[in-house]
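The structure appears below as structure tokens.
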């Protein structure tokens, strides 16, 4: 354990925390172009076909991004907006595509949590 005078001479160094979303480079979102759109299976014990896009970002990074919601219109060369947020049962997927911005359409017939899926308010009957 150091003495007070040792700490005065050389203070303690704060631990630097590693970013969970390094490709965003401290930005809230980044734009990119889809290089591949595919489905993949989650880790045990879950079972599904999760929709994922491989995206080349404007800063040169290439990342995997999850496409949330039911149905999507993305294909190769689609321009998408990426935000942080991992998918727990898909290893290596640390980003989400933002629905309802750029080339990504919002989810059709969405009634609840619409802002997360880029859906407009339905007309009341």
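Here the Cβ of each residue, glycine as well, is placed from N, Cα and C on the backbone.
Per DSSP, the compositional bias 'Basic residues' (9-19) is made up of 1 helix, 0 strand, 10 coil. Summarising the annotation, Swiss-Prot assigns compositional bias 'Basic residues' to 9-19 (among others).
What Swiss-Prot lists as compositional bias 'Basic residues' is 113-125 (among others). Long-range Cβ contacts of the compositional bias 'Basic residues' (113-125) within its own chain (Cβ-Cβ under 8 Å, at least 6 residues beyond either end) map to 68-69, 98-101, 104-107.
For residue 89 (3-methylthioaspartic acid), the same-chain residues that are 6 or more apart in sequence and have a Cβ closer than 8 Å to its Cβ are 42, 43, 46, 50. Look at Swiss-Prot and you will find 89 tagged as 3-methylthioaspartic acid.
Among the features that Swiss-Prot reports, region 'Disordered' is placed at 1-24 (among others). Beyond the region 'Disordered' (1-24), the same-chain residues lying 6 or more positions past its ends with a Cβ under 8 Å from any Cβ of the stretch are 30, 57, 59, 61, 63, 82-84, 86, 94-95.
Taken from Swiss-Prot, the feature region 'Disordered' covers 101-125 (among others).
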Counts by DSSP class (helix H/G/I, strand E/B, coil) across the region 'Disordered' (101-125):
3 helix, 0 strand, 22 coil
